[in-house]
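Participant: The structure under discussion is supplied below as structure tokens; questions concerning it will follow.
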Amino acid sequence: DMVSDNRTLVTEFIILGFRNVREIELLLFATFLLIYALTFTENVAIILVIGMDYRLHTPMYFFISNLSFIDIGYTTVTVPKMLANIAIQSQTISITGCFTQLYIFFFLGSTECFLLTSMAYDRYLAICKPLHHTTIMDHRTCLWLALGCWLGGFLAPALPTAFIFRLPFCGSNIINHFFCDSPPLLELSCQDIFEIEVINFVVGTTVLMSSFILTMISYIFIVATILHVPTAEGRSKAFSTCASHLTIVTIFYGTSVFMYIRTKTIQTFDFNKTVSVFYSVVTPVLNPVIYSLRNNDIKQGMRKVL
């Protein structure tokens, strides 16, 4: 339906951020700046170590370096803008800037879903089919899988973003969030958003649940195989190769499912903001730590390279 002429169409948005906690904004600024610097440094270090240490040129580390690229992108698309908002007290973002941020964020999130699934498949082959692992997961297969993950991630948010982009926005232009996320953005439209919510839900559910189910199937086979390993040491060694990946899968899907698989937007946006901080800012800084803490190969590589 057409927007009536006496209402002005919105040309830019105001990102509220954490304005309701003005007194601790400086503390927030310092914290987010530190986290961003750490995320960037850790992930770049992991990419360099994996690239430069020939022993780490295996499928698992190839996927980990892809994950590091995603984590750098994930935080770069949200945190610098948020830091600028706090620093210069300017919270405006153009409609184009807003939709670019929204699209890139979901592109990287979807890519991570698919990538975690590919990593689970790699772990399944390594543990359940060890003799065939290197022949199935050769260099070419890894490249095609990674390319598929990035392409799938690129295509997944195209339809929902295109539909949201066509919405008329009039009246309030204040986004109660620290970046352009779809639930608070949809709230501002002066058109019925039911169809778009359904599209969002269907696409989000398809991406999350298909990758989650495939990951879980891999782990059911992995656990079954590990339980048949005769020695406790063998079981422990087999499980330790999956522990890092399983930790990241749990954190990623736990927060993503909570945030996006909901037909109706929950109104407590301040609570949503906190959850969003966890998976868009905290998780990318945790991933390299989770992988390198439990991993002697990466530790040795770090010593050699750094």
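Note: Cβ is positioned from N, Cα and C throughout, glycine not excepted.
TrEMBL feature annotations, pasted as is:
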TRANSMEM  26-49  transmembrane segment
DOMAIN    42-291  domain 'G-protein coupled receptors family 1 profile'
TRANSMEM  61-82  transmembrane segment
TRANSMEM  102-121  transmembrane segment
TRANSMEM  142-165  transmembrane segment
TRANSMEM  207-227  transmembrane segment
TRANSMEM  239-261  transmembrane segment
TRANSMEM  276-293  transmembrane segment
Participant: Go through the chain and flag residues at least 6 beyond the ends of the transmembrane segment (26-49) whose CB is under 8 A from any CB in it; none is fine as an answer.
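Facilitator: For the transmembrane segment (26-49), the list is 18, 56, 64-65, 68-69, 71-72, 75-76, 79-80, 82-83, 86-87, 281-282, 284-285, 287-289, 291-292, 298, 301-302, 304-306.
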Participant: On the 0 to 100 scale, where does the mean pLDDT of the domain 'G-protein coupled receptors family 1 profile' (42-291) fall?
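Facilitator: That region's mean pLDDT is 89.
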Participant: With a Cβ cut-off under 8 Å, give me the same-chain residues at least six positions beyond the ends of the transmembrane segment (142-165) that come close to it.
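Facilitator: Here the qualifying positions are 59, 62-63, 66, 99, 102-103, 106-115, 117-118, 121, 182, 185-186, 195-196, 199-200, 203-204, 207.
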Participant: Within the same chain, where does the transmembrane segment (276-293) have neighbours whose Cβ lies under 8 angstroms from its own Cβ atoms, ignoring anything closer than 6 residues to its ends? I mean 6 or more beyond.
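Facilitator: Sequence-distant neighbours of the transmembrane segment (276-293): 32, 35-36, 38-39, 42-43, 45-46, 64, 67-68, 70-72, 74-75, 78-79, 105, 177-179, 181, 244, 247-248, 251-252, 255-256, 259, 299, 302.
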